[in-house]
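As written in TrEMBL, here are the features:
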COMPBIAS  506-518  compositional bias 'Basic and acidic residues'
REGION    487-518  region 'Disordered'
TRANSMEM  145-168  transmembrane segment
TRANSMEM  180-202  transmembrane segment
TRANSMEM  214-236  transmembrane segment
TRANSMEM  334-352  transmembrane segment
TRANSMEM  364-382  transmembrane segment
TRANSMEM  425-447  transmembrane segment
TRANSMEM  459-479  transmembrane segment
């Protein structure tokens with residue numbers, strides 16, 4: 001079915017502004033899009049303010065979320081397992097409780113965001129999950145862990161999909177993937193930072209005031225979170241259609257933002273309509289994007305990143321074969337390069353998608369899926385405890401390539417559904433709903449804690465999911481290509497020529513808008 005934008009319902013203000021000039025692309029564009037604008041256009045160009053507010057808060061919020069999410073795994077291998085007697089699958093049960101809570105809250109959270117002000121809504125969620133983080137330092141039993149992780153899941157629900165939804169409302173297609181990739185890097189940096197924090201807490205604070213090092217980790221994480229929340233209540237932007245002049249954006253800049261996003265910049269979501277509900281359920285693109293998300297999650301589980309998390313168990317298992325092989329600090333530190341490799345791959349994919357791939361998302365999904373599938377096959381087919389550990393070490397370090405392609409299907413969702421805020425919010429939330437459904441079930445059967453670090457069946461299955469991910473990305477790209485040909489389009493909405501002139505072509509008919517040329 002054709003994805004037509006909704007009718008505009010936000011009046012145009014009688015304000016002159018200068019739009020970014022349509023120019024030939026230079027080398028500067030391939031580093032950062034804002035650098036490729038003429039000086040005249042850059043005076044009114046919004047991206048510096050957006051990058052300092054929406055991007056900063058998106059990165060910091062995602063950073064503390066993933067610290068607070070991943071700290072359980074860091075604590076588990078740093079003494080919590082022994083202190084709470086977690087010798088069965090209790091860790092997986094706790095992650096399942098977190099996942100189920102996320103599933104329950106995701107769609108209500110994202111749809112509510114289309115009708116509420118994120119300046120209050122998102123910081124309130126962050127404050128609640130920070131309180132849960134502090135409380136985890138006082139856990140005494142597995143039941144305490146299950147309850148607190150469930151509460152954490154409820155309050156963290158929808159944060160990432162909400163940030164993506166807001167970015168999709170402000171940034172143009174040729175700007176979006178790079179921004180989402182930077183936010184997505186926080187999903188890798190957070191766990192990496194958590195590992196370093198746990199190593200430092202275990203070394204320097206273990207036993208201080210009668211508390212274990214893993215307990216101090218939760219306290220330190222909570223303190224960091226508090227510092228991130230406060231400025232958001234002042235500077236967090238709304239979507240352009242609802243944004244009002246404030247300390248960051250003038251009326252002129254808000255009008256520019258609305259004109260830069262002609263499909264949705266002047267569409268304020270009102271009551272949900274049956275037309276929208278039909279779109280939610282009957283648009284094939286949405287279901288294919290959700291399927292990509294499920295395949296992605298099944299192969300590189302975003303809660304524990306199950307394939308890469310095996311390295312922590314692998315290092316710890318060496319101590320049973322050869323006592324004293326690795327200390328707690330080494331186990332936490334030696335796994336962090338996995339996240340570093342993931343960050344580099346994430347940025348490479350996003351910059352490539354926005355620039356020399358001309359806005360196409362599917363090639364990077366195929367690349368990430370195929371590379372990671374090969375890694376999983378080799379992990380499953382080679383000895384778990386070889387005489388030479390270097391090759392398996394190398395494989396673990398390259399187990400994040402599919403994770404690096406995460407921003408691709410999120411950006412693809414925003415590109416495909418631009419013009420209908422509620423449908424875009426519904427689809428964005430659904431990416432995580434079905435992902436969390438997989439998280440709540442698949443690890444219990446395929447990545448059992450008791451099977452670590454070998455998880456041979458899990459690695460083989462993950463490889464299959466990764467090949468399905470790549471195949472689905474190709475299928476969706478073909479579907480959209482065929483649709484564009486039927487509608488008389490050139491079949492390539494993202495060509496370099498079209499990128500350079502899209503601003504001028506997409507501007508609404510408005511005599512008060514001027515377009516400068518360099």
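From the backbone N, Cα and C atoms, a Cβ is placed for every residue, glycine too.
Automated prediction, rather than curation, is the source of TrEMBL annotations.
Here the transmembrane segment (214-236) has Cβ contacts under 8 Å with residues 53-54, 57, 60-61, 63-64, 67-68, 71, 74-76, 78-80, 83, 118-120, 122-123, 126-127, 129-131, 133-134, 136-138, 194, 197-198, 201-202, 205-206, 208, 246-248 of the same chain, all six or more residues outside its ends. Within its own chain, the transmembrane segment (180-202) has Cβ neighbours under 8 Å at 55, 58-60, 62-67, 69-71, 73-75, 78-79, 160, 163-164, 167, 213-214, 216-217, 220-221, 302, 305, 328-329, 332-333, 335-336, 339-340, 342-343, 346-347, 349-351, 400, 403, 406-407, 410-411, counting only residues six or more beyond its boundaries.
With a threshold of 8 Å between CB atoms, the same-chain residues lying at least 6 positions outside the transmembrane segment (364-382) that come near it are 292, 295, 299-300, 307, 310, 345, 349-350, 352-353, 357, 391-392, 395-396, 398-405, 408-409, 456, 459-460, 462-464, 466-467, 469-470, 473-474. Listed as Cβ neighbours of the transmembrane segment (145-168) (distance under 8 Å, sequence separation of 6 or more from its ends, same chain) are residues 54-55, 58, 61-62, 65, 68-69, 72, 84, 86, 90, 93-95, 97-102, 104-106, 109-110, 113, 118, 122, 125-126, 128-129, 132-133, 135-136, 139, 176, 179-180, 183, 187, 237, 239, 410, 413-414, 418, 424-425, 428-429, 431-432.
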